[in-house]
């Protein structure tokens with residue numbers, strides 16, 4: 001019996017020896033304020049990237065699903081010399097979309113590298129825990145496809161073409177599964193979080209495991225916020241700091257230690273949002289805005305209406 005226990009402990013210790021270099025790379029290179037490009041069309045990309053670089057942004061978030069990787073790469077390759085920047089001065093994130101999971105992950109990563117044309121991708125994520133199309137006959141379909149996708153990410157990480165790898169929209173049970181076989185530690189989980197949808201359990205899980213949590217917010221659900229009785233607090237606190245309600249959403253997340261993926265298209269908002277890191281909310285305001293333990297709120301339909309908790 002003792003021998004069996006020792007063998008199990010040895011196996012556990014071997015699995016715990018992850019490659020953390022990607023996570024360390026993200027810690028050193030990525031900003032906590034990430035410029036999101038999900039809604040930027042190709043014909044607006046040059047102008048918005050120009051404004052963002054001029055305002056000081058250096059971390060940019062795109063994805064296969066957004067359909068603008070080529071425009072992002074073209075804009076950066078054109079604009080970096082204008083600002084006397086090198087490739088190493090910017091941090092670019094992309095993501096493998098659900099239809100490209102599994103066996104299609106490998107060629108899709110190659111295609112993302114080709115479209116961006118930046119030499120390498122700083123951080124590549126699995127965009128969603130669910131693969132597409134679904135296979136209802138196999139309850140483990142998504143889990144199997146995710147594993148193949150992660151193996152592809154690890155392959156290009158080992159080749160130096162992906163400097164770090166991670167996930168997006170993963171719940172704790174998805175992360176538990178990933179950590180059971182991953183050799184490279186997932187650097188980031190980029191997931192929805194807002195004042196009306198506070199994923200406290202996931203945030204605490206990531207903090208405990210050492211995974212960076214990056215929050216994206218689509219919009220405050222005022223119907224849900226009313227039910228949660230935070231609208232009046234929300235407005236009062238925003239007025240107290242002389243900021244907009246949307247800015248308060250970002251500042252709250254930053255004050256909780258999250259990275260924040262935010263987007264803007266007007267020059268005024270692009271510049272205005274750079275100041276978000278300078279705000280420090282008082283403890284009583286953080287407490288007033290934080291939902292009670294066990295209360296999550298509701299996802300924004302704009303962020304997708306998939307029940308991720310039901311996906312194995």
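Cβ coordinates come from backbone N, Cα and C, glycine included.
Please treat TrEMBL annotations as automatic predictions, because they have not gone through curation.
Record features (TrEMBL):
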- 1-16: signal peptide (SIGNAL)
- 35-289: domain 'NADP-dependent oxidoreductase' (DOMAIN)
- 66: active site, proton donor (ACT_SITE)
- 95: site 'Lowers pKa of active site Tyr' (SITE)
- 127: substrate binding site (BINDING)
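Working note on the recorded positions 66, 95, 127: by count of other C-beta atoms within 10 Å of each C-beta, 95 ranks first. Cα spacing between residue 127 (substrate binding site) and residue 95 (site 'Lowers pKa of active site Tyr'): 5 Å, rounded to the nearest whole number. The separation of residue 95 (site 'Lowers pKa of active site Tyr') from residue 66 (active site, proton donor), Cα to Cα, is 9 Å.
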